[in-house]
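Have a look at the structure below, then the notes.
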Amino acid sequence: MPKNSKVTQREHSGEHVTESVADLLALEEPVDYKQSILNVAGEAGGKQKAAEEELDAEDRPAWNSKLQYILAQIGFSVGLGNIWRFPYLCQKNGGGAYLVPYLVLLIIIGIPLFFLELAVGQRIRRGSIGVWHYVCPRLGGIGFSSCIVCLFVGLYYNVIIGWSIFYFFKSFQYPLPWSECPVIRNGTMAVVEAECEKSSATTYFWYREALDISNSISESGGLNWKMTLCLLVAWSIVGMAVVKGIQSSGKLDKMLDPQVWREAATQVFFALGLGFGGVIAFSSYNKQDNNCHFDAALVSFINFFTSVLATLVVFAVLGFKANIMNEKCVVENAEKILGYLHTNVLSRDLIPPHVNFSHLTAKDYTDMYRVIKAVKEDRFSALGLDPCLLEDELDKSVQGTGLAFIAFTEAMTHFPASPFWSVMFFLMLINLGLGSMIGTMAGITTPIIDTFKVPKEMFTVGCCVFAFFVGLLFVQRSGNYFVTMFDDYSATLPLTVIVILENIAVAWIYGTKKFMQELTEMLGFRPYRFYFYMWKFVSPLCMAVLTTASIIQLGVTPPGYSAWIKEEAAERYLYFPTWAMALLITLIVVAALPIPVVFLLRHCHLLSDGSNTLSVSYKKGRMMKDISNLEENDETRFILSKVPSEAPSPMPTHRSYLGPGSTSPLETGGNPNGRYGSSYLLAGTPESEL
């Protein structure tokens, strides 16, 4: 205690002393509040808890460099969806016109919410569970729901990486195994596999050799052992990368149609990883003065331009494939016409004089096709001739797995040195998938480890083993249909709800003005007012409309999937059976259930939110404010949100000191370390000095 303190001057006298905490602090050595931590504990063991949290924060891993962190965030956000889902949506929804709703939603929803998640993770330095408990204890279930959604996505996402691994190893041979249809030999006879002949070599290899797919989701067909081994390899790689630590992440590298806007919003969420918790987990390892506003803008636009670039490449590849398939169609149908000419089914007068069958062009075939169709109108269908239009081939491009594993492989068979390009392509897919997968796993492991203090290595290995065995569901012969269920339905709706509640928790419960003030203190500058209006009004309103549209869409159009029918060698859209619908609804409910459960438990005081405790620390080095355990209307919550130099003391204004050896009326029985009831002490100062 300072020698000129009122307490020290009168300590040995019998005079009653009344002194404020402000008086005490005024006589202490100057403290740089921006470089220190206040410790006030109003509960038994409060000081010990604060010390443990402080030690945990000091021991928290950190990024080796800014570049490593940016690469990790880019690796998480730029994933397999940029290569196949975004190009498909562009092709499906009007080409370049789709970029307009996507860019609008990226600006009014994507970037503001990406910045929000980066900021809260960096500010609070915890995973998603700790962050949302801090912001609003009654909405603490958001963090648990994020973990469940991450688990759902990780289960099937790693299966896709396993498919890429399978193709990667199959690429080390010439010719590529999907370049030609297999030939079945029966004695002296050799015939082409019927399923392959009806479709194509690449389609056959994907559905039959790789997936060995069944005709419907109801036909399990048993495990596909090849894909089971690839899934094991994928989970082993992910497990080792996550156990190694965060550093490994940075080293992988129809405008008015409401459906278009809904799909664009979903793509924004998936593209930036919003609601998964991975963004929060990565940013929690940053220093608090890191410029996360710059990071949000940089990663968002890199993601956008990567998607656009990937779309251009995909369209170029699909255009190349369409030209090849169109030429093949022309040749096959020209041979049919020659056959009809030789058998006098068709008259040679029907062939335009400029047509040369030795050098037949697509235009020549089109002219010939139109003449024959006009003359043989009543019997034309019996000839079995195709129009061979390039536009039809371009419209056959498919979504998701089909785009990467059918269209790209088809195009690569026509490249010179095709095995090399195939190896490079699937190596790229593996790296893109692993970058996103590690971020997804961080969305599970970081909040659980932060909250429950479980051993990282043991928990990570346990998660990977558990996920591998559950993931066997996706490597059955019907597994691809379960991938569709999880990707298109089970994760999308809960994810949208999570993102909406994140926005509401910060903007309307914690307070947008308060959050902006804390960002100003943390960043050293005030973010643009644009974010205030987006967080407060525009983003939640847009997301509410889009969520309503998604629910209506599910009610109007029953969920289904594209099944590959072996006998027809073609896809057919089927609705999910009753049991699959029950499973789908269960998954959605399970993902969203923690939010209302935690809310009700804390609202009914069945689960403590620590609202009767106060733990804040001052320690030379940096400043941390722990207000997660305060009620919204608690005066101290408002006090702690201010700059320390401007805030009134969180203690009562005056306190009676009754003399040496006496007990203060404010002293708590469970706090042996504090002579004064609130156990107020400067961390790093020996207790004897008090």
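Each Cβ is built from the backbone N, Cα and C atoms, and glycine gets one as well.
No curator has checked TrEMBL annotations; they are predicted automatically.
Note on TrEMBL: of 69-87, 354-372, the range annotated with the feature transmembrane segment is 69-87.
For the transmembrane segment (458-477), the partner stretch with the highest count of Cβ pairs under 8 angstroms, out of 141-169, 264-285, 530-556, is 141-169. Annotation for the binding-site residues Asn82, Ser436: lowest Cβ count within 10 Å of the residue's own Cβ, Asn82.
Among 99-120, 264-285, 489-510, 530-556, 489-510 has the largest number of CB pairs under 8 A with the transmembrane segment (141-169).
Apart from the site residues Gly75, Val78, Asn82, Asn303, Leu432, Ser436, the chain places the Cβ of Ile74, Phe76, Ser77, Gly79, Leu80, Gly81, Ala271, Thr306, Gly435 no farther than 8 Å from the centroid of the site's Cβ atoms, the recorded Na(+) location. For the transmembrane segment (576-601), the list of distant contacts is 138-142, 144-145, 148-149, 152, 217-218, 485-486, 489-491, 493-494, 497-498, 501, 558-561, 607: same-chain residues at least six beyond its ends, Cβ to Cβ under 8 Å. Highest Cβ pair count under 8 Å relative to the transmembrane segment (423-446), across stretches 69-87, 99-120, 297-318, 530-556: 69-87.
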